[in-house]
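The active site, proton acceptor feature in TrEMBL is assigned to Glu168. Residues or ranges marked as ATP binding site in TrEMBL: Gly191, Ala192, Ser193, Thr194, Gln195. As annotated by TrEMBL, transmembrane segment applies to 12-32, 450-471.
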Amino acid sequence: MKEKNPWHTPLTIIITVIGVIAIVALVTVAVLQNRPVPQKYKYGIVLDAGSSHTALYIYEWPAEKDNNTGRVEQKHSCKVKGKGISSYAAEPEKAGVSLTECMREAEMQVPSRRHQETPLYLGATAGMRLLNIENREASDKVFEAVEKALQGFPFSYQGARILSGQEEGAFGWVTVNYLDDQTTGALDLGGASTQISFVPHEYDISESPSNSVAFRLYGNDYNLYTHSFLCYGKDQVLRMALAHQTQSGPVTMSDPCFHPGYSVTRNYNALYDSPCVSERKPKEAPLNFTHTGVGNFFQCQEVVKTLFNFTSCKYSRCSFNGIFQPPLQGSFGAFSAYYFVMNFLNLTDSSIPLETVKANLANYCETPWNQIKQQHPKVKEKYLAEYCFSGTYIVTLLTEGYNFTKETFSKIKFIKEIKGSDAGWTLGYMLNLTNMIPAEAPDSPPLPHAGYVSIVTVIALLLFILFILSLRPIWPKCSKQPQIV
Ligand SMILES: O=c1[nH]cnc2c1ncn2[C@@H]1O[C@H](COP(=O)(O)OP(=O)(O)O)[C@@H](O)[C@H]1O
Ligand SMILES: [Ca+2]
């Protein structure tokens, strides 16, 4: 005869059913109640008006985390067609018009209900710094035109201005250290200026107060060293190198920084039309000169070295041109033109020793121009012709200028972006102006939703088991199984 299962009594069945219903109800209510609400985002827009071109960046962050930590991300970027705004000195209106396309894109990218509250900033760097030195009126006109154009869009326009070199360097450092976990120095190479920023080991700020900026980030206070060298961006430094080699006003100039077989006609007036070189213009020069390439890295390095002044230093130590620089410290992120150039030359890998970098460059510079063009048919010729010079300049600036050695060179990472945001000053600039530089370390992260659901379920099950056990006194008696001998 079949033994009756003692659990199949009406009481246990009822308890079990009620228990299961209770658990399902508890978990369902808890899960629904605590479901993460769809994120609402806020936005900010920064236009980086560089010397060579303007780029627009849209940042986004969760709406409820305004003052919280590390949550601002780059959502979108747009490269403005044409040259930098400083090149529109003669026709300022066009500087404003040039921004329209990217601004329209921004209108599409930012949800329209957020337009009015989205701050919009334009920061101009060394191109406008130079125009401002050269022709103040023209620089003001460019800003007027740009302002007028930007005010025509539905965002909360917060102004257009020239960043100081110190701001440019410091905000580049903030961007890198906001996005990265460890403290990293920042190296930014532009077309018209270049910046170095890092936290020195022992830093006596009083030695050169103009090179120091204090920041509080993620609970730590930092005394940052920063310097911006105007005219030492790669386009202006090329002008200086060409100027150095055309002092006597020759008709033909042989340049070790350009490939053998390279030959173009250049205009003297155009070359010397910049405050970085205008004082050196030869008194008597023809209209044009023929710029030909020789392709010799070591000779090119000698030319570049003449552009740094190492003779005077009124501080305990200097980089070059009499500028104070404390000993280098820690790892560095090198971005903008540092990255473009080293990436083209396949030299971004930090494990490549400095000596190999130089040998590769020497080999690259020696390659005939025709061959280079054949190998890279899609690269813009202006960029292509200048990579030998730019690579040589980068190595010389880092080693002779900033004193990187073969050991410390390997601590430089050539980077384009960090965690999806472009490395550059724009993010740091916006964080600062919106008071969103996180002063304190992030709170320990709350339990993720999945973890919360699992814990609620496990506790509910445990309670249910305890409940069943507590009913033990009224459990039906188990009938003894026949013993097998
Ligand atoms: O694809 C590229 N290859 C090589 N150089 C590039 C490329 N894209 C941008 N650059 C260079 O990067 C530099 C960017 O400088 P930027 O316009 O930011 O000037 P700034 O920071 O001195 O005001 C310019 O020299 C520009 O020519
Ligand atoms: Ca720049």
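Each residue, glycine too, has its Cβ placed from N, Cα and C.
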Original post:
To the nearest whole angstrom, what is the C-alpha distance linking Gly191 (ATP binding site) and Glu168 (active site, proton acceptor)?
Top reply: 14
Subject >> Cβ contacts under 8 Å made by the transmembrane segment (450-471) with residues that lie 6+ beyond its boundaries >> reply: 15-16, 19, 22-23, 26-27, 30-31, 34
Subject >> the residue listed as 'active site, proton acceptor' as reference: those binding-site residues from Ala192, Thr194, Gln195 with C-alpha within 10 Å of it >> reply: Thr194, Gln195
Subject >> Contacting recorded positions, sequence order - Glu168, Ala192, Ser193, Thr194, Gln195 vs ligand 1, Cβ under 6 Å >> reply: Ala192, Ser193
Original post:
Which sequence positions outside the transmembrane segment (12-32), separated from its termini by at least 6 residues, show Cβ-Cβ distances below 8 Å to it?
Top reply: 452-453, 456-457, 460-461, 464, 467-468, 471, 475-476
Subject >> Largest tally of Cβ atoms lying within 10 Å of a Cβ, found at which of the binding-site residues Ser193, Thr194, Gln195 >> reply: Thr194
Subject >> the residue listed as 'active site, proton acceptor': tally of other CB atoms within 10 A of its CB >> reply: 27
Original post:
Hey, for the ATP site built from Gly191, Ala192, Ser193, Thr194, Gln195, who else sits with CB inside 8 A of the CB center?
Top reply: Ser51, Thr125, Ala126, Asp188, Leu189, Gly190, Ser228, Phe229, Leu230, Tyr232, Gly233, Lys234, Gln236
